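These notes are about the structure you will find just below.
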Amino acid sequence: MTGEAFAVLAALAYGVAGVAIVQGRPMARGDNGVFLSVLLTAALSCLLWLGWGGTTTGAHPAPRDLTGAILIFAVAGICSNGIGRQAMYWATERIGAVRAGLLRRLTPLFVLPCAYLLLGEVPAPQTLLGSALVLAGVLIYVLPQTRAARPAPDAPSQISANPLGLLLGTLSALAYALAFAFRGLGLDILPDPTFGAMIGAFAGALALLALALARKGLRDGLRHLSRDRQAAHWLTALGLSAGQILQFFALHSAPVVSVALLGTLEVMFSAAIILLITKGETVAIRPLILASILSTAGTAILLFA
């Protein structure tokens, strides 16, 4: 299976997780299962590493290189599981889910300079064409929804396009882009996706734990991180865990930019799940069909280029 195919599967897993997050929100009493998802990612990647881990090239890096790879994987985990995920939650609280979701689509744009500066990756023309089609397909669907969004009469007064919320959403997109680039850099040194996912998840969990303890104290902080354990929270955790591990496998054999842009298919998968299964939200059929055609064409170019 190619790296681009792993990236598509990761987007599907994240799409399932996104729907589950919405379903779990009404019953959430703490962090809506964010910490649970990071812990599950760490446990799953640890099991995978113990069973099937090891570098795919058979290389054995020097101790100094191994230490460097561990630190890079940890930084990637803090960027994605710590800063990126938490900043997006805070942004959603201030500007709403529609605006926050649209800002998340800035990630591929940030990946381009990050991948060039950290990895020296220059995208090929086919990559740019396929990526443009995928991104156009996603934007065709999400932009009308953003323009049509209106705050509900009983919505909290803090839900608006306030500068802090927009800044947090942009910070989240930048953090995810840095995570993509750092993961690719770490895999260049130590090509073991399961090990990298495990280190990143543990680093992200420690970052979330430290943040909760700093904000709420020991007792309330631990309670905040451990209260939400309903079925929707577990489904979210499984989706996010599978998505992150699949992304590591994708980055091992595909350019960072391709993986990041294919990740935008998450929006399309979420919309399809809502339309066909949960039916809990309104889905615009015509924009979805057009967006699906463009995204599928772009995905085909990336897969077979």
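Heads up, the Cβ atoms here are built off N, Cα and C, so glycines get one too.
What TrEMBL lists as domain 'EamA' is 2-142.
Per TrEMBL, the feature transmembrane segment maps to 6-22 (among others).
According to TrEMBL, the feature transmembrane segment maps to 34-54 (among others). Tertiary proximity for the transmembrane segment (34-54) is limited to same-chain residues at least six positions away from its ends with a CB under 8 Å from its CB atoms, namely 17, 81, 85-86, 89, 192, 194-195, 197-198, 201-202, 204-205, 208-209, 212, 225-226, 228-229, 233-234, 236-238, 240-242, 244-245.
Taken from TrEMBL, the feature transmembrane segment applies to 66-84 (among others).
Taken from TrEMBL, the feature transmembrane segment applies to 96-118 (among others).
Per TrEMBL, the feature transmembrane segment maps to 124-143 (among others). Within the chain carrying the transmembrane segment (124-143), a Cβ under 8 angstroms from the stretch's Cβ atoms is held by residues 101-102, 105, 108, 255, 257-258, 261-262, 264-265, 267-268, 271, 284, 287-288, 290-302, 305, all 6 or more beyond its ends.
The transmembrane segment feature in TrEMBL is assigned to 164-182 (among others).
What TrEMBL records for 194-214 (among others) is transmembrane segment.
The feature transmembrane segment is assigned by TrEMBL to 234-251 (among others).
Note on the transmembrane segment (257-277): residues 3-4, 7-8, 10-12, 14-16, 18-19, 101, 105, 107-108, 111-112, 115, 121, 123, 127, 130-131, 134-135, 137-138, 141-142, 177, 180, 247, 250-251, 283, 285, 288, 291-292, 295, 298-299, 302 of its chain, located 6 or more positions outside it, place their CB under 8 angstroms from a CB of the stretch. As annotated by TrEMBL, transmembrane segment applies to 257-277 (among others).
The annotation transmembrane segment is assigned in TrEMBL to 284-304 (among others).
Taken together, the residues in the domain 'EamA' (2-142) have a mean pLDDT of 80 on the 0 to 100 scale.
Applying DSSP to the domain 'EamA' (2-142) sorts its residues as follows: 117 helix, 0 strand, 24 coil. Among the listed stretches 164-182, 194-214, 234-251, the one sharing the most Cβ pairs under 8 Å with the transmembrane segment (6-22) is 234-251. Non-local neighbours of the transmembrane segment (194-214) in the same chain are 31, 34-35, 38-39, 41-42, 45-46, 48-49, 52-53, 69-70, 73-78, 80-83, 85-86, 179, 183, 186-187, 221-222, 224-225, 244-245, 248; each lies 6+ residues outside the stretch with a CB under 8 Å from one of its CB atoms.
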